[in-house]
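Engineer: According to TrEMBL, the protein carries these features:
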- B:29-46: transmembrane segment (TRANSMEM)
- B:66-254: domain 'ABC-2 type transporter transmembrane' (DOMAIN)
- B:66-85: transmembrane segment (TRANSMEM)
- B:106-130: transmembrane segment (TRANSMEM)
- B:142-164: transmembrane segment (TRANSMEM)
- B:176-194: transmembrane segment (TRANSMEM)
- B:241-259: transmembrane segment (TRANSMEM)
Amino acid sequence: MTIAETPGRTSEPAGSPVEQPVLDVRDLRMRYGSTDVLTGVTFTARPGEVLALLGPNGAGKTTTIEILEGFRMRSAGEVAVLGADPAHGDERWRARLGVVLQSWRDHAKWRVRELLAHLGSYYLPYSTDQIRRPWDVDDLIDAVGLNPHAGKRIGQLSGGQRRRLDVAIGIVGRPELLFLDEPTAGFDPEARREFHDLVHRLTDLEQTTILLTTHDLDEAEKLADRILILAGGSIIADGSADQLSRRMSSEAEVKWSRDGQRFVHATTDATTFVRELFQQYGDGIADLEVRRASLEDTYMALVRDFESGRSLATLREFEEASR
Amino acid sequence: MNPTVVGLRAGVRRGGIEIRQSLVNVQDLWNYFFPNLTFLVVMFFMRDATVPGTTFSLSARTLPSVLGGGLAFGALVTMMMALTIEREDGTLLRAKAIPNGMLGYLVGKVVQVSGMTLIGSVILVIPGVLLVDGVELRGPGAWLTLLWVLVLGLVACLPIGAILGSLFANPRNVGVIMLPIMGLVATSGIFYPITTFPVWLQWIGQAFPVYWLGLGTRSALLPPELAAVEIGESWRHLETFGMLAGWAVLGLVVAPIVLRRMARRESGSSVAARKEKAMQRIN
């Protein structure tokens, strides 16, 4: 599938058309004992792109991300992260990555500002003319909205504040590539909104490439330029939210009322349908509402298709074997 | 700027910060004072007992002995506990996610545990010398002996603690190893002269660094006549140096291998799995 930009986002950096991908994954395989978790994952990410990796539990999202982070050895396949193999990434390579970890109770005695300043100091020798490392501590605390808590002990932070600190630690070295594994799990709607604003700021100002996993499809649609759906150990769909819903040729739902009566109609061509509706009834139409298939609808359809396809394949294998 | 030097310096700073944190934390203060005050109370009550075969106070002999033995025990156990706890809670994984973070983390731990152990020693020794007679540093030679015994003892014990700490994934299983360590301290002649023990027990005690640390600190702080109740009726400085250095070399060779293996296995999902397990126990 070809890659297209989502309108309204300007994440295309000025540069040559043959620029190096930030992530280049080809036929990545992972096997634990006799279980294949990843059976051939292939995708790329360009600088400044935000990718969301979706998929049912156990599909291999976390395994994929941990291989890319260099925290897990792969069984087979070619992987280049910022041009290097993560299995042999050196400290210089590590300094260009950001990993947002799900913290629990580490560094409980440290104060927020103290820890960020300490962890930032490791990045100092990796500062370049283009990217000043580390992020200035006060600016960073400001950016993640931890200003009122900068002097607090980390053990006293609330869950949402801790997650903001996790993000701050992940980006303290001004990473060129950031990994976010379920960043907003357990957030309330307000914290989630603030987190989304932060991610937008990162991609707009810093040109950071982001790979995130989430179960929140709404979040994926809001944040990601491109969505990858991982199921059964491989990528079954790759494209923008719009492309995915178009690929499923799903129908839009048109609702309206006329003479106090409510109507609902499902159509694949909502524009034509609405035009005809107005031509026919003109001012009689009220409360018009057009709802495109949401990412959730598309996602459910894709995963369901994939799973029924897999069960068909199993059935065929079974029939062939019993012949 | 050399990144390795930056990592080393960050580690030293990290250790300093964590020592400072331990001085304002109720749990840590308790750990500093409780065992040392217990020793002091015990010494106070046995102030009239004498070392067998001499007229020298048994509590005066026990003070330098506990200084050495306590240093070995503290360094070993604190390092072990710190590594298992901080692996479970994800501190180690954070270090792994940062350039030269592992180096900084380990240097930080060495500085922190050494500092905390030495602070514990000071808390024991200062009231101790006021409480008992006959314990003093007699001249620069004794100072020098104390210095090299303490430094070499720490270098011998910290890697063993790190190795043990990386063997246990679950801090609640550390108790398994605590009992043998306490038993080892008991057989090392810390509280009572080792020469009064059966010979086979003496050999076990002499195989480990705890005995030699205790012997070394006794040699620095006690009058020379007290060597008479030691094995071979001597302070055996050469053997002390040899044994402590041997353990130090062994530890410094094995620890990086074990630590690297442990660090390689850390990932977000392994920390998450441990968290899950710990939460189940609480519920």
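A Cβ is built for glycine as well, from the same backbone N, Cα and C atoms used for every other residue.
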Engineer: When you look at the transmembrane segment (B:29-46) alongside the transmembrane segment (B:142-164), do they share 3+ Cβ pairs under 8 Å, ignoring any pair fewer than 6 residues apart in sequence?
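Structural biologist: Since fewer than 3 Cβ pairs under 8 Å link them, the transmembrane segment (B:142-164) and the transmembrane segment (B:29-46) do not come into contact.
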Engineer: Examine the transmembrane segment (B:176-194) against the transmembrane segment (B:29-46) and state whether at least 3 Cβ pairs sit under 8 A, considering only residue pairs 6 or more apart.
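Structural biologist: No, the stretches stay apart by this measure.
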Engineer: Using a Cβ-Cβ cut-off of under 8 Å, list the residues of the same chain that are 6+ residues beyond the ends of the transmembrane segment (B:106-130) and lie near it.
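Structural biologist: Long-range Cβ neighbours of the transmembrane segment (B:106-130): 7-8, 10-16, 18-19, 22-23, 28, 31-33, 35-36, 39-40, 43, 63, 66-67, 70-71, 74-75, 78-79, 82-83, 136, 150, 154, 158, 161-162, 259.
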